[in-house]
Amino acid sequence: MWSTITDRIANFLRGKRRHRSSPSKQDANSVRTNTDMTSQITADQVYEFLHSHPDYLEHYIMDEVELEQLERWIIRKSQRLKKKHELPVAKNGRKTSLSRWKFCVHADKRQMLQDLTHSLQLRPTKNQVLWELANCICSAVNADGFRLYLPDPVNSGALLQYLGENLIAGRLQEDGPIDVSTYVAKTREAVRVSKGDNDSRFIPDLFYEDDVGHILCQAVTYPDGQLAAVLELWRRESEGPFHEEDEEIACSYLVWGGIALHYAHLYLNMNQQRKLNDFLLTVVKSIFQDMVSMDVLVIKIMNFAQRLVDADRASLFLVDAKNQELYATIFDVGVENTDETTVYEGEEFKKMHTSKEIRFPLGTGIAGEVAMSGEILNITDAYADARFNRTVDQLTGYRTNTILCMPIFIRGAVIGVVQMVNKHSGYFTKEDEEAFEMFAVYCGLALHHAKLYDKIRRSEQKHRVALEVLSYHNTCTEEELATITDELSTINANVDDFYFNPFQWEDYQKAGFVIRMFTDLFGLTRFDEQSLLRFVLTVKKNYRRVPYHNWSHGFSVAHCMYCIIKNSRDTFLPNESLALFIAALCHDLDHRGKNNKFMLDTEAPLAAIYSTSTMEHHHFNQTVTILQQEGHNIFSKLSSAEYKQVLSLIKHCILATDLALFFPNRTKLAKLVHDDAFSWSNHEHRMMVQALSMTASDLCASTKPWDVQLKIVHVIFEEFYDQGDAERAAGRKPIPMMDRFQPDYQPASQVGFLSGICAPCYALLKNLIPDTEPLLAMVHKNLDEWTSIDQEIQQKKKNEA
């Protein structure tokens with residue numbers, strides 16, 4: 001009976017095939033005949049036949065059914081079972097609806113991806129992607145378990161088994177028979193093997209676990225072909241072996257797994273870069289915002305380095321280039337606060353200080369070799385490295401396992417070496433090296449600036465000591481104070497005269513005259529007399545003993561300003577008058593007998609501090625320094641606003657004595673006067689008059705009677721000649737006015753000076769303050785004298801020629 005049914009079914013199927021391939025009219029009778037034959041077979045007979053002969057059904061489906069139709073049947077079957085809540089479960093309890101990637105319903109595939117995505121969102125690491133992927137593949141192929149191996153980041157060719165949290169030691173690739181995972185890692189070929197197979201490629205004890213009978217091992221690679229992992233799936237001996245379709249299913253999963261690995265790698269890189277950027281920003285803030293001592297900076301650098309690479313200990317050695325040594329005063333640092341949530345600012349440090357400074361030659365030990373070569377050393381087993389010094393471990397009881405030693409550069413030279421010890425998890429990686437290389441740039445800058453800061457701080461202390469010494473020697477003594485106090489009542493002269501001769505009085509008497517002039521102009525109601533006495537005597541002491549710009553000149557300028565203020569009552573406001581008089585008294589403090597151009601040409605330190613009005617800025621700063629000394633602040637009783645105003649005016653007036661500023665100031669002021677646009681109520685106009693008054697007082701030597709004028713010009717030229725000698729010694733030719741070998745040039749230079757600078761200055765001042773007319777009158781008289789002398793010299797030269 002079964003043979004008859006088989007024949008009829010076969011004839012039916014052949015007819016169907018012919019009909020499908022060639023449905024022409026000529027075959028119509030044949031098709032009709034086959035239909036008549038099969039109509040005699042009942043559905044139950046066909047069902048019973050196929051149920052008893054599954055191989056026949058399989059052959060029919062493989063030969064006759066299109067793949068698309070088969071997929072539709074499987075999806076329809078899966079959906080029908082899903083509606084009935086009858087998902088088939090394998091003997092090991094796994095959901096087989098997820099075990100056939102290619103033929104499972106789309107909803108199931110989508111759910112699997114969602115579950116994996118959610119898992120990876122919680123722990124988006126490369127290892128976690130591989131672990132979740134391995135679990136899915138294990139379930140998909142009905143494996144009883146799996147092992148996941150990752151490439152050793154330190155030892156090329158070695159594998160480390162991953163257990164979901166950490167790594168354990170694996171095996172190195174060797175020649176000859178090896179295990180399956182090592183073979184797959186080396187060849188990238190998938191391997192299916194069962195117990196009892198005699199495969200010469202593998203070691204004999206491949207199945208070292210009794211219940212493992214079958215293995216499927218596949219390589220997981222990145223898009224560029226680099227090995228990411230090796231997945232080893234296994235089944236018990238009682239289960240069936242792995243087939244080709246299991247490989248295909250695993251490969252289907254790995255398509256998605258490769259994408260997941262790629263994006264996990266991108267995410268981790270971005271996240272790591274963000275953390276590194278945040279970390280470096282914190283480092284920069286911590287190191288650069290608060291410049292601290294070198295020891296504190298070293299502790300900070302070591303602590304940050306330790307956190308950056310997750311090391312247990314860190315040490316920093318600095319290079320002594322002069323002695324070719326490495327040295328450290330703090331050789332080991334750890335962090336007491338290990339809470340990862342804490343920000344890197346304000347943590348408490350635990351440090352170990354050496355009893356004395358450690359020093360050893362460059363090239364000694366691991367740190368010494370790194371300092372010499374400038375190259376990174378990443379050591380996975382310290383005791384296996386001959387360069388490692390075990391002495392410290394023996395003394396402290398601490399065991400060193402892994403070491404990452406890196407140089408710190410500045411301007412291409414190694415200035416230090418940081419040595420990290422014992423990474424908390426595994427070995428120091430390439431990522432640790434790359435992260436620290438970026439961190440090392442900031443370390444170098446920080447150490448370099450800390451050294452500069454230490455130098456500046458030491459220089460500042462030296463400066464303070466120097467100021468203490470100078471203030472002691474350049475401040476009036478109690479004996480001088482007592483002398484001037486006793487002499488004040490005996491000093492008597494007509495200081496109201498513009499033509500007052502300063503040469504007939506001693507220096508201490510001139511100081512007494514200054515006190516008398518100050519008291520006459522401003523009284524002592526707003527000022528402390530003892531502070532005034534100390535201030536004047538210290539100002540006198542801070543004028544250098546140069547031929548012209550000395551105390552006598554300072555007194556003469558202050559006297560001229562006194563006469564201007566005295567003879568033009570109510571022209572200047574009280575605080576303006578106060579600033580003018582003090583500025584005139586102090587306008588050449590600590591003058592060195594050289595002009596601004598000389599300072600710039602010789603690159604004097606003062607020229608480096610002040611690029612314009614060099615000496616004038618220095619004179620003002622000296623004035624402030626004296627005011628700040630104890631018992632010297634003559635403005636102590638003024639209000640804060642008045643003090644600021646007076647100090648600002650003093651600065652303006654002292655800077656105005658720079659002749660380079662006189663010319664533009666005179667031009668502006670002369671135009672205002674000529675255009676009848678000058679106004680005493682205009683603040684800017686008043687400032688210009690103050691500047692003009694300072695120039696007029698500074699040039700007052702030209703307004704003295706002829707005998708005094710001649711004597712002053714002699715000392716002026718003596719100072720000029722000293723500068724000319726210095727210029728000649730430096731290899732430069734001095735101008736004729738400063739060349740002592742051209743004395744005949746004196747009259748001509750005075751004619752030019754009086755006619756080009758002094759006369760215009762005093763003429764403009766007379767227009768603004770008429771009572772200053774005696775100054776202009778004496779300038780014209782002296783100009784006539786110098787003109788006559790110059791004419792005689794020129795005539796004599798003409799006759800000799």
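Glycine residues also receive a Cβ, built from the backbone N, Cα and C atoms like all the rest.
What TrEMBL lists as region 'Disordered' is 13-34.
Per TrEMBL, the feature domain 'PDEase' maps to 477-793.
For His549 (AMP binding site), other Cβ atoms within 10 Å of its Cβ number 24. Look at TrEMBL and you will find His549, Asn550, Trp551, Ser552, His553, Asp588, Asp698, Gln750 tagged as AMP binding site.
For His549, the entry in TrEMBL reads active site, proton donor.
Marked as Zn(2+) 1 binding site by TrEMBL: His553, His587, Asp588, Asp698.
If you look up TrEMBL, you'll see Asp588 marked as Zn(2+) 2 binding site. Around the Cβ of Asp588 (AMP binding site), 25 further Cβ atoms fall within 10 Å across all displayed protein chains.
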Cβ contacts within 10 Å for Trp551 (AMP binding site), all chains included, total 21
Near His587 (Zn(2+) 1 binding site) (Cα-Cα within 10 Å), the binding-site residues in question, chosen from Asn550, Ser552, Asp698, Gln750, are Asp698
Students should find that the Cβ of Asp698 (AMP binding site) has, within 10 Å, a number of other Cβ atoms equal to 22
Expressed in angstrom and rounded to a whole number, the AMP site built from His549, Asn550, Trp551, Ser552, His553, Asp588, Asp698, Gln750 spans a maximum Cα-Cα distance of 23
Ordered by sequence, the long-range same-chain Cβ contacts of Asn550 (AMP binding site) under 8 Å (at least 6 apart) are Tyr543, Arg544, His591
Filtered by Cβ under 8 Å and at least 6 apart in sequence, the residues in the chain of Ser552 (AMP binding site) near it are Pro502, Phe503, Asp507, Lys510
For Zn(2+) 1, residues beyond His553, His587, Asp588, Asp698 with C-beta within 8 angstroms of the site's Cβ centre include exactly His549, Gly554, Val557, Ala584, His591, His619, Thr657, Ser697
Using a 10 Å radius on the Cβ of His587 (Zn(2+) 1 binding site), the other Cβ atoms enclosed count 28
For His553 (AMP binding site), the same-chain residues 6+ apart in sequence with C-beta under 8 angstroms from its C-beta are Tyr543, Asp588, Ala701
